[in-house]
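Peer 1: Per TrEMBL, transmembrane segment is recorded for 7-25, 45-66, 78-98, 110-134, 146-167, 187-206, 269-289, 301-323, 328-346, 366-389, 396-419.
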């Protein structure tokens, strides 16, 4: 049963490979509560981050254009090596230069942080259109393991951030003094770099597995396994083996799956509206003002909101793997519920620096739980909508991705001027802001 041990090894490698998909961006979000007080942009920093991440979608756009204009010429294993290398180096550079500032137009700005963040976002966004196609060379069971690793790319940074702590802020003579966290932001970014290196090592191993192991795995699963050593050099490998259909999330199929349910045009329109709205809320509208909704309650509330929300995302995705409720009514109700939590978060941001129940444990608990349930409920909706459209056809899944990107872009672009130009959200100083009772 030596091939059973090899199957277990491939599961572990697939999981480790998925770890590098979104670990950098997820790590940045959970570290914001610590760095937002150190960088000159202050509470406006999250709104900059959302726009930078959307600009980084240039990466997957270029990859997609290469596939369309020059089919078969893009060496995707080279692209994966490149982006993982850039990701690891960017995390290391971030550890050294995240707090370095330059003067632009007479004001101090976090130029180094923004530039490095762009490259990290470019890495993570491009992984969406390169990692999964590579994994499609393997049987479907390994793709499931890959998605578990992708979920861990959000879970592990959140857990590390919780272990890091947020330090302690004290008011001394109307000014804040900070006790440091358990370890610095630089150490945190080095941990992210290590995770990127683990992902690269896993990819190297997957890319160099002997073909004898691949052939032996045919005894375990009824799939024809394309040679992993091909990478994606052979585009036809995805459809080899007498019409074998891989069942991963990004499976390349142009015809609807036989098991796919029928939906009317109105139902499809409703599904795509859900996709646009949920992604606009979770990737643009609310993240842009998280600092304004949480910071008035203190650094600890912001820290817990960011870290636990990062953990809630993969947990919700894992729940969706085992408890799949495809009812559009249920998903609609869950979206309304998540939007309700998001509305509370937005309202507290609009009331900054004096939100409801400020200075009380009840207020801090409510804002943390509100962010937790906002992320968890809408993450479940995103996964289930993707499952529904995946089972319909490959083209439906492609349009799902396009709708998700459109929603994220609209949400980010909408909030950026509201935060940075019109100044509709007000930051404050915990030690000097006087709020009415």
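Quick reminder: no glycine exception, Cβ is built from N, Cα and C everywhere.
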Peer 1: Would the transmembrane segment (45-66) count as touching the transmembrane segment (146-167), if touching means at least three Cβ pairs under 8 Å and pairs must be 6 or more apart in sequence?
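Peer 2: Answer no, regions not in contact.
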Peer 1: Mind pulling out the one from 187-206, 301-323, 366-389, 396-419 with the most Cβ pairs under 8 angstroms to the transmembrane segment (146-167)?
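Peer 2: The listed stretch sharing the most Cβ pairs with the transmembrane segment (146-167) is 301-323.
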Peer 1: For the transmembrane segment (269-289), which partner among 110-134, 301-323, 396-419 gives the most CB pairs under 8 Å?
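Peer 2: So the stretch in question is 396-419.
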Peer 1: So which of 110-134, 187-206, 301-323, 366-389, 396-419 is most in touch with the transmembrane segment (7-25), counting Cβ pairs under 8 Å?
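Peer 2: Stretch with the highest Cβ contact count: 187-206.
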Peer 1: Are there residues at least six beyond either end of the transmembrane segment (366-389) with Cβ under 8 Å to its Cβ atoms? List them, or say none.
Peer 2: 249, 261, 263, 271, 274-275, 278-279, 281-282, 286, 290, 293-294, 297, 301, 304-306, 308-309, 312-313, 315-317, 319-320, 324-326, 331, 334-335, 337-339, 341-342, 344-345, 348, 355, 357, 396-397, 399-400, 404
Peer 1: Excluding the flanking five residues on each side, which residues at least 6 beyond the ends of the transmembrane segment (187-206) place their CB within less than 8 Å of a CB in that stretch?
Peer 2: 10, 12-21, 23-24, 27, 31, 80-81, 84-85, 87-88, 91-92, 94-95, 98, 134, 153, 156-157, 160-161, 164, 228
Peer 1: Hey, which bits of the same chain come close to the transmembrane segment (301-323), Cβ under 8 Å, at least six residues off its ends?
Peer 2: 26, 29-30, 32-34, 36, 144, 147-148, 150-155, 157-159, 161-162, 165-166, 290-291, 294-295, 364, 367-368, 371-377, 379-380, 383-384, 387
